[in-house]
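Here is what Swiss-Prot says about this protein:
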| type | residues | note |
| --- | --- | --- |
| BINDING | GLY13, PRO14, THR15, ALA16, SER17, GLY18, LYS19, THR20 | ATP binding site |
| BINDING | THR15, ALA16, SER17, GLY18, LYS19, THR20 | substrate binding site |
| REGION | 38-41 | region 'Interaction with substrate tRNA' |
| SITE | THR107 | site 'Interaction with substrate tRNA' |
Amino acid sequence: MTMPDYDLIAILGPTASGKTPFAAALAAELNTEIISADSRQIYRGMDLGTGKDLEDYTINGRQIPYHLIDIADPGYKYNVFEYQRDFLTAYETIKQKGCLPVLCGGTGLYLESVLKGYRLIPVPENQELRVRLAEKSLEELTAILSSYKTLHNSTDVDTVKRAIRAIEIEEYYAKTPIEEREFPQLNSLIIGVDIDRELRREKITRRLKQRLDDGMVEEVRRLLAEGIQPDDLIYYGLEYKYLTLYAIGKMTYDEMFTGLETAIHQFAKRQMTWFRGMERRGFTIHWVDASLPMEEKINFVKQKLKEF
C-alpha cells in the first residue's frame, strides 16, 4: 500500500495488552521498523524483568528491526531528555529508508514526550526540595504529583525516589519559563490497544508466573552479582523492586509474588489513566479491541491510514 501523509504510527496500551506482537505484525505488513517507548527495556541484561519478549519481533521467520532496546547499562538512570534525543535519531534513520516508523510502548511519559512536539529540558537536582519531601510516603507524594497539570503524573512512579524526582521536575517547570525547543511536529496515527480488565488481570498473573519459571529471580541475582547495587535495581520499580527485596532477604517468596502481582495490576491501571489523560490533553487515540484476530487489527490500522 502507498505510504500516507502520516509521519508515525504509535501503538500504545497497558502491560499485557499484546501491543508488541501487534506492532511487530503491523511493521512486517508495512515493511518498516519499530521504535520502543519503554523506560526499562532500554537496559541491557534486564530482559525477563522488563518483559522484552524479543521473540515477538520475529514474524514468519523474519526479524523486524527495532530501536531503543538494549541501549544502556543496568544501574544507569536514563531519562526522558535522552529518550527524545535517541528517538529522533532512530526516527530519522527509519525515515531515510522511506519507511513509516512504528512507535510501540506503554511508558506514557516517553510516548507523550515525542508525540507532543516540543523538547523537554534537563532539570537540575533541588536538594532543598528533596530534604523537604524525604519523610513523605509514596501515597503522600503521589497526591502532590496528581495536583500538577503537565506532563508528569503518577504513571511509572512506584518508588519514593521516582516520585520525588517527578515532583522536582514539575516544580522546576512551574518556576522556569520554558521556551519550546525545536522538535519536529509529527503527524501521528495513534492506536490504543484496549483489553478487557479481567482478561488483562488474567494475562498479567499468567505472564508473571511464566517469567518466574523462566528465571526472573536468577536474572536479578546475576545483576546483583555483577555489582549492580540493590538500591539501583529497586529504583527501576515493579519486578526489580520486589525481586531485589526477595533476593537480599527482605521478603519471602510469597510476599514478593503477592506484592509484585498487585503492583503490576496497579501499574496497568495507571497506564490506562495516563492514556485517558492524553485524550483529555487533545490527543486522538483510535482504540482497537485486543481480543480481535491479528489480521483484523492490522486491517483496522490500514483503514485509518486510508482515512487520512
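Cβ coordinates come from backbone N, Cα and C, glycine included.
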When you average the Cβ positions of THR15, ALA16, SER17, GLY18, LYS19, THR20 for the substrate site, which other residues in that chain have a Cβ within 8 Å of that mean position?
GLY13, PRO14, PRO21, PHE22, GLY106, VAL193, ILE195, LYS203, ALA290
Under 8 Å by Cβ from LYS19 (ATP binding site), counting only residues of that chain that are 6 or more apart
ILE11, LEU12, GLY13, CYS104, GLY105, GLY106, VAL193
Between the recorded positions THR15, SER17, THR20, THR107, where is the Cβ count within 10 Å the lowest?
THR15
CB contacts under 8 angstroms to ALA16 (ATP binding site), restricted to the same chain and 6+ apart in sequence, sorted by sequence, are ILE195, ARG200, LYS203, ILE204, ARG207, ALA268
Just give the helix, strand and coil counts over the region 'Interaction with substrate tRNA' (38-41), going by DSSP.
0 helix, 0 strand, 4 coil
Write down the Cα-Cα distance for THR107 (site 'Interaction with substrate tRNA') and GLY18 (ATP binding site), rounded and given in Å.
15
Within the chain of PRO14 (ATP binding site), which residues six or more apart in sequence place their C-beta under 8 angstroms from its C-beta?
GLY106, VAL193, ILE195, ARG200, ALA268, LYS269, GLN271, MET272, PHE275
Here are some binding-site residues: GLY13, GLY18. Which one has the most Cβ atoms within 10 Å of its Cβ?
GLY13
Quick note, THR15 (ATP binding site) and THR107 (site 'Interaction with substrate tRNA'): C-alpha atoms separated, nearest Å, by 10
Work out how many Å separate SER17 (ATP binding site) and THR107 (site 'Interaction with substrate tRNA') at their Cα atoms, rounded off.
13
ATP site shell beyond GLY13, PRO14, THR15, ALA16, SER17, GLY18, LYS19, THR20, criterion: Cβ within 8 Å of Cβ centroid
GLY106, VAL193, ILE195, ALA290
THR20 (ATP binding site) to THR107 (site 'Interaction with substrate tRNA') - Cα separation in whole Å
13
